[in-house]
Amino acid sequence: MFTLRELPFAKDSMGDFLSPVAFDFHHGKHHQTYVNNLNNLIKGTDFEKSSLFDILTKSSGGVFNNAAQIYNHDFYWDCLSPKATALSDELKGALEKDFGSLEKFKEDFIKSATTLFGSGWNWAAYNLDTQKIEIIQTSNAQTPVTDKKVPLLVVDVWEHAYYIDHKNARPVYLEKFYGHINWHFVSQCYEWAKKEGLGSVDYYINELVHKKA
């Protein structure tokens, strides 16, 4: 059975980006509900003793949706930082190579997240085939992992992620998000992706976030 992971930062540490009340609902209720739903759905099934990575990559329907939403939220929390952090020289070089400049990457990332229709997630992910970083929109619970692409950065654009603090102003939320990216974590993900491929996602989920006894 899975448990809700604690936030990797204090709920009152994000200034005017996200409030403690927003985290109470987003983490304490929405994220918790996905954990509860998954535990109920896998009880008595072949997935009951499976790792979250295995469930994510081998399931479908409601089991997949809830497992993916657990992972997506865990990863999103790790992408956030109370204070600005610096990206590695390696990641900086890759973004400049693949997008032309850091400013162009920001522009493309925010535009993609702004124009995503309905609920979903906006990602930067490492394409193992092309060895390039891509910006990817996914609807609802979908994740690049199922397309064998390694997530590096994500922003949640479900309305429950920003409505409490920013109402329907998604662009305002996204601009503030960009000032709270944990580039140290994103840089680590890029380093892991180049070395271990999808194995880095397996390690992140099963060893760092949801390690089973």
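Don't overthink the numbers, they just go from 1 along the chain as shown.
Glycine residues also receive a Cβ, built from the backbone N, Cα and C atoms like all the rest.
Here is what Swiss-Prot records for this protein:
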BINDING   His26, His73, Asp156, His160  Fe cation binding site
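Feature annotations (Swiss-Prot) mapped to structure.
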| residue | record | Cβ neighbours (10 Å) |
| --- | --- | --- |
| His26 | Fe cation binding site | 24 |
| His73 | Fe cation binding site | 24 |
| Asp156 | Fe cation binding site | 25 |
| His160 | Fe cation binding site | 13 |
By the DSSP assignment reduced to helix, strand and coil, which category contains Asp156 (Fe cation binding site)?
strand
For His26 (Fe cation binding site), which DSSP three-state class applies?
helix
For His73 (Fe cation binding site), what is the secondary structure state per DSSP, taken as helix, strand or coil?
helix
